[in-house]
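Okay, so here's the structure we're looking at.
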Amino acid sequence: MSRKSSDNEYNLRSLSNLMGERRKKVNDDGERSLIKAPSSSSINSQGSTAAATGDLERAARKQFQQDVTPGFVYVLAIFSALGGFLFGYDTGVVSGAMLLLKKEMNLSALWQELLVSSTVGSAAVSALAGGALNGVFGRRVCILLASFIFSAGGIVLSVSPTKEILLVGRVVVGLGIGIASMTVPVYIAEAAPPQLRGQLVTINTLFITGGQFIASVIDGAFSYLPKDGWRYMLGLSVVPAVLQFLGFLFLPESPRWLIQKGKTQKARRVLSQIRGNQNIDEEYESIKSSIDEEEKEAGGGGLVIWRMLTYAPARRALIVGCGLQMFQQLSGINTVMYYSATILQMSGVKDDKMAIWLSAVTAFTNFIFTLFGVWLVEKVGRRKLTLGSLTGTSLSLLVLAIGFLLSAQHSPPVILHPTDPSTPNSTCSQYGFCDSCMLDPGCGFCYQENSSSIFASSCVPVNKASTEEAEWGRCSNATVMKEGIFWAYNYCPTPYSWTALLGLILYLMCFAPGMGPMPWTVNSEIYPLWARSTGNACSAGVNWTFNVLVSLTFLHVAQYLTYYGAFFLYSGLATVGFLFVFGCLPETKGRRLEEIESLFENQLCTCGASDSDEVSQDYGSVIHREENTGPENEIAYICL
Ligand SMILES: O[C@H]1[C@H](O)[C@@H](O)[C@H](O)[C@@H](O)[C@H]1O
């Protein structure tokens with residue numbers, strides 16, 4: 001045997017022993033045995049063996065994770081994430097349902113807007129209220145409440161005889177979404193072991209985007225029903241809601257919440273149930289002493305939000321958490337999710353059904369790429385994932401903007417300028433190009449097309465009862481549209497429609513693994529326990545408020561700034577988001593929840609990358625940071 005291979009074998013054996021010892025220590029002492037990490041010089045001296053031992057280390061780590069992670073925590077995460085699924089389903093399903101509803105119930109534009117945004121608006125209110133509910137009744141009761149509300153809302157929606165009752169149903173469903181959106185990530189984070197926390201919380205966002213995707217498929221499928229298709233679309237959410245309710249009757253309360261409420265015996269029982277047959281003494285003691293410590297540091301009584309604002313680390317965490325949620329929405333995700341069919345039409349996709357199915361493709365892209373987020377979050381960490389995602393998001397928004405700019409520059413001219421006495425005040429006939437005609441909600445572009453060119457085009461008023469036809473003339477219902485005559489409402493025929501589809505797909509590929517899930521994941525872990533419910537309530541409230549703002553203003557912003565202007569704006573906002581994250585978001589990967597507060601002890605915007613980055617990459621296992629250990633405040637890394 002050559003010297004090199006025998007060296008390697010020796011190293012493999014010693015590593016395997018080391019991992020074996022670590023495992024043994026875990027089994028003897030409980031999950032969080034503390035072992036000092038090697039210094040960086042010893043890391044370097046072992047560097048040459050790193051490649052050879054990489055596989056073994058990975059295998060040992062995997063084995064180790066299996067040892068310390070009983071399946072129960074996955075069951076718990078999946079049942080909780082059904083709340084995310086309902087969040088995604090109920091926000092996603094409405095666009096397809098609206099296409100049918102507006103015809104069957106003869107809804108005005110105002111009613112359509114009300115039915116879409118009432119859910120998001122009531123989610124904002126209930127997310128804020130969810131903070132107090134979580135603090136008083138606990139995570140489990142809040143999730144049970146949310147699934148009960150989802151079921152009730154689904155039933156109201158599916159049997160609704162009038163638009164007013166529909167509105168009530170949409171508000172009720174929103175109340176459920178708000179509570180679920182702030183509770184589920186916290187519950188999962190509090191139950192998960194540190195090395196899996198990011199992944200398990202990110203699964204919740206995977207379920208959100210999964211819900212949006214399933215909703216778009218259900219929309220597509222039921223859009224072929226001649227009547228009442230919307231009742232199935234809106235009502236089907238009852239199934240996962242009832243499933244979650246039943247599941248949670250058997251799932252436990254968060255052990256951290258129980259400790260905080262002084263229910264220590266119960267907390268111990270729950271912790272051992274979640275951790276399987278491991279010894280939980282050390283984890284229990286450490287959570288308990290950190291909670292007592294935190295409470296002392298932040299000062300006892302008073303309103304939690306006030307204590308947060310006056311206690312610097314909690315205040316900084318709140319700024320980071322709310323900022324992340326704000327930039328998530330300002331990057332324009334929901335203009336893309338709620339309006340993808342419209343955006344595709346605006347970019348020139350003619351057929352209605354085609355646009356619905358293409359928007360299912362965009363929802364699918366969002367879902368699949370969130371899966372990458374689940375995979376990457378514990379590998380590259382929250383910070384790098386968010387920064388990478390924001391860079392791509394901002395660039396792909398530029399692609400979208402440039403696509404729309406090209407379409408606008410090559411917008412076909414309006415050739416005919418007919419007028420009709422039935423619409424004397426219409427401004428439509430004044431427009432010289434399709435682009436400006438399309439931006440006026442009262443007008444549409446009517447044109448003739450042969451294989452190579454557009455001719456005999458006009459800009460005419462839209463039929464107020466149905467945007468699918470003109471008020472009068474060649475493109476109205478009155479005259480049967482002849483072969484080769486087209487009605488374009490909200491879009492212009494253009495050879496550049498592919499750039500919009502490309503931009504949308506690129507955008508979702510970049511947004512979904514990072515900016516989609518990370519704001520939820522990071523928020524579930526950055527607050528100390530006494531501030532966790534309130535912190536998550538505030539940041540979820542910010543998310544929903546900006547969601548309403550951005551999605552409600554999108555069509556108006558597009559009208560004032562044009563579509564390319566709107567996407568340039570979102571791209572700029574994503575860039576500002578990048579700077580914010582670069583300056584303010586520390587890495588939380590691998591740390592216990594109770595240690596994360598220390599990351600916010602520094603001045604905000606100087607925290608930058610985490611001290612643990614290097615070590616956590618080299619050792620990949622759980623890294624802990626001990627508080628000041630030496631006279632020079634040197635930081636000691638401790639890993640399992
Ligand atoms: O994280 C989610 C996800 O990215 C969804 O696709 C989006 O609709 C939500 O607004 C967002 O909070």
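Including glycine, each Cβ sits where the backbone N, Cα and C put it.
Note: TrEMBL annotation is automatic and uncurated.
What you are looking at is a predicted structure, and each value in this text was computed from that prediction instead of being measured.
Feature annotations, reproduced from TrEMBL:
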{"type": "COMPBIAS", "residues": "8-17", "note": "compositional bias 'Polar residues'"}
{"type": "COMPBIAS", "residues": "38-48", "note": "compositional bias 'Polar residues'"}
{"type": "DOMAIN", "residues": "76-589", "note": "domain 'Major facilitator superfamily (MFS) profile'"}
{"type": "REGION", "residues": "1-48", "note": "region 'Disordered'"}
{"type": "TRANSMEM", "residues": "71-89", "note": "transmembrane segment"}
{"type": "TRANSMEM", "residues": "109-129", "note": "transmembrane segment"}
{"type": "TRANSMEM", "residues": "141-159", "note": "transmembrane segment"}
{"type": "TRANSMEM", "residues": "165-188", "note": "transmembrane segment"}
{"type": "TRANSMEM", "residues": "200-218", "note": "transmembrane segment"}
{"type": "TRANSMEM", "residues": "230-251", "note": "transmembrane segment"}
{"type": "TRANSMEM", "residues": "317-339", "note": "transmembrane segment"}
{"type": "TRANSMEM", "residues": "354-377", "note": "transmembrane segment"}
{"type": "TRANSMEM", "residues": "389-408", "note": "transmembrane segment"}
{"type": "TRANSMEM", "residues": "496-516", "note": "transmembrane segment"}
{"type": "TRANSMEM", "residues": "537-557", "note": "transmembrane segment"}
{"type": "TRANSMEM", "residues": "563-585", "note": "transmembrane segment"}
The recorded stretch from 71-89, 141-159, 165-188, 537-557 sharing the largest number of CB pairs under 8 A with the transmembrane segment (317-339) is 537-557
Inset, instruction - Report yes or no: does the transmembrane segment (389-408) come within contact of the transmembrane segment (354-377), defined as 3 or more CB pairs under 8 Å with a sequence separation of 6 or more? - result: no
Among 141-159, 165-188, 230-251, 537-557, 563-585, the stretch with the most Cβ pairs under 8 Å to the transmembrane segment (109-129) is 165-188
Quick tally over 141-159, 165-188, 354-377, 537-557 of CB pairs under 8 Å to the transmembrane segment (200-218) gives the top stretch as 354-377
Is the transmembrane segment (230-251) in contact with the transmembrane segment (354-377), using at least 3 Cβ pairs under 8 Å (sequence separation of 6 or more) as the test? no
Is the transmembrane segment (537-557) in contact with the transmembrane segment (165-188), using at least 3 Cβ pairs under 8 Å (sequence separation of 6 or more) as the test? yes
